[in-house]
Amino acid sequence: MTSTPLLDTIQIPADLRELDRKQLPQLARELRDFLVDSVSQTGGHFASNLGSIELTIALHYVYNTPDDRLVWDVGHQTYPHKILTGRRDRMHTMRQKGGLAGFPKRDESEYDTFGVGHSSTSIGAALGMAVAARQTGSDRRVVAIIGDGAMTAGQAFEALNNAGDSDTDLLVILNDNDMSISPNVGALNHYFTRLMSGRFYATMKSGTNRVLGMAPPLQKLAHKAEEQVKGLLTPATLFEEFGFNYLGPVDGHDLGVLVNTLQNIRQLKGPQFLHVVTKKGHGYKLAEKDPISYHGVSKFSPENGLVSKSGSSKPGYTQVFGDWLCDMAAQDERLVGITPAMREGSGMVRFEKEYPDRYFDVGIAEQHAVTFAAGMACDGLKPVVAIYSTFLQRAYDQLIHDVALQNLPVVFAIDRAGLVGADGPTHAGAFDLSYLRCIPNMVVMAPSDENECRQLLYTAFLHDGPTAVRYPRGTGPGCEPVAAMTALPLGQGTLRRQGKGIAILAFGSMVHPALAAADQLDASVADMRFVKPLDTALIRQLAASHELLVTVEENVVMGGTGSAVLETLAAAGITVPVLNLGLPDHYVEHGDPALLLADCGLDTAGIVRSVRQRLDAGSGTA
């Protein structure tokens with residue numbers, strides 16, 4: 001472990017504020033060294049944290065935290081904040097079961113003023129806190145720290161519009177590193193890039209001086225014209241139109257400039273906007289060169305960096321989707337792919353390279369992504385929206401109003417369904433089966449293995465209406481996808497094991513744990529495949545020939561597939577004991593996915609235990 005004598009003296013930000021300003025650069029170096037050592041041993045978000053170190057130090061140095069409120073957007077960049085706020089000795093537990101969360105969490109520290117994990121919430125939350133301070137007569141200051149990637153979301157601009165029209169003492173800091181996870185997209189990003197490149201100004205100034213150098217009056221007039229044009233192009237034009245006092249851009253790695261600027265801003269009244277320019281991965285050469293790969297990392301050697309993983313014999317579900325997307329695009333030129341800023345995470349890198357004109361990254365704009373797809377579907381295209389389960393929640397109205405109500409053929413490829421592990425409850429796909437199956441016209445599918453995933457994606461693409469295929473993070477049971485694509489019968493499951501007495505109706509990722517449990521219980525197992533429409537004939541058949549039905553899903557029990565089975569039985573007037581197994585009615589925290597599933601009783605041992613407890617209880621009620 002690197003020696004960190006100055007950092008060792010900092011337990012809370014009050015200790016930091018006792019330092020001489022001249023000591024802050026040394027603290028930044030030690031904090032960066034500690035961060036590299038820490039994350040290399042635990043894994044986690046990395047490049048964004050390296051880029052936020054100086055800004056974090058300056059904020060805690062100038063502001064009286066925790067009384068003054070720092071509201072972080074997304075939370076990827078808050079490891080330095082956690083280290084400086086009393087959690088340094090727990091950094092070795094980062095994102096592990098029972099350890100520190102990878103994002104700000106209100107019940108973890110009083111310095112974490114707002115829980116977060118999704119993008120673009122900081123300005124709205126900070127405005128609410130600023131209004132609360134005004135209403136209660138408090139003189140506390142409130143700061144929102146938001147990245148340029150998060151500024152592509154409409155929610156951020158809704159909050160800016162509201163905040164700029166208020167008289168609250170709010171500071172919004174734009175941490176501009178020209179990259180959130182994947183490179184940023186859209187007009188706003190091009191606007192920032194054009195401004196920061198300096199080419200326009202450099203060309204204009206050098207050309208003016210060269211051409212008009214011998215004519216001072218004309219040169220002076222040209223400089224006036226330059227200032228007029230510059231005024232039209234600077235970010236101040238945009239943000240001051242929202243009602244903010246714009247300051248910047250400033251170097252986000254110059255502690256002297258940051259501290260001076262923040263001290264001055266802290267004395268100002270009304271909404272302020274500070275544009276800070278940082279470099280993702282700053283101070284660690286490998287991360288500076290490849291910030292995408294170093295955004296989220298597993299354990300690595302600080303000296304050697306990330307090591308390429310050897311090819312796995314089992315392709316992950318994300319890769320299965322990406323391969324299917326390219327294969328399907330080769331067959332049907334109507335296919336277009338849409339992602340809300342998750343090219344790598346959703347498996348669309350190959351598709352972008354092979355079909356750049358049919359690939360659309362709309363930025364962190366889930367609502368727009370869904371309506372954009374609906375418009376494409378209206379006029380003959382076949383859009384596939386690749387999106388995480390947790391982020392589809394942000395576009396629920398568009399899903400209902402713009403797609404399903406009009407019965408448009410949009411395919412939703414829903415990644416990260418179920419528990420996701422280290423990222424915790426903000427990123428878990430715990431609710432999609434419940435919130436999708438209640439929507440008219442929706443067809444909802446849950447594959448049990450890699451090949452079934454490929455075939456159900458094909459089935460979805462052929463369907464003339466809205467469809468969703470949900471699959472978990474990581475690898476499946478190892479069923480090699482078959483190259484040939486075959487549409488599966490809509491709304492039909494398949495009986496995978498014939499037993500007696502007990503029938504397990506398993507959905508998606510729970511099929512293989514159910515099969516293993518059935519070996520111990522001598523139970524029948526149905527791979528239901530479809531959540532909507534359900535295979536009602538198979539349900540009735542199993543109900544008639546078994547004494548207990550067990551539903552198993554990696555989704556909350558409330559409103560999920562178990563509820564759907566009970567509704568089917570009730571509608572048919574069939575009375576049979578039913579045991580519903582799924583995620584509990586509370587948020588499942590971060591940790592190793594296998595351990596979390598075991599805690600929820602959704603591993604093989606848990607299924608066996610629950611069934612035997614039900615049989616021992618001898619209950620005849622659902």
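Yeah, the Cβs are placed from backbone N, Cα and C, and that goes for glycine too.
All protein chains shown were included, and the count of other CB atoms within 10 Å of the CB of G149 (thiamine diphosphate binding site) stands at 28. Annotation comment: Swiss-Prot describes H76, G117, H118, S119, G149, A150, N177, Y284, E366 as thiamine diphosphate binding site, evidence class sequence analysis.
As annotated by Swiss-Prot, Mg(2+) binding site applies to D148, N177. Secondary structure at N177 (thiamine diphosphate binding site), taken from DSSP and collapsed to helix, strand or coil, is coil. The 10 Å shell around the Cβ of N177 (thiamine diphosphate binding site) contains 23 further Cβ atoms across the protein chains shown.
The most crowded of the binding-site residues listed here (D148, E366) is E366, judged by how many other CB atoms sit within 10 Å of its own CB. Note on H118 (thiamine diphosphate binding site): other Cβ atoms within 10 Å of its Cβ, all shown chains, come to 20. Among the residues the record lists as binding thiamine diphosphate, namely H76, G117, H118, S119, G149, A150, N177, Y284, E366, the two farthest apart have Cα atoms separated by 32 Å. In this structure, the CA atom of D148 (Mg(2+) binding site) is 7 Å away from the CA atom of N177 (thiamine diphosphate binding site). Sequence-distant contacts (6 or more apart, same chain, Cβ under 8 Å) of H76 (thiamine diphosphate binding site) comprise H45, S48, N49, G102, F103, H295.
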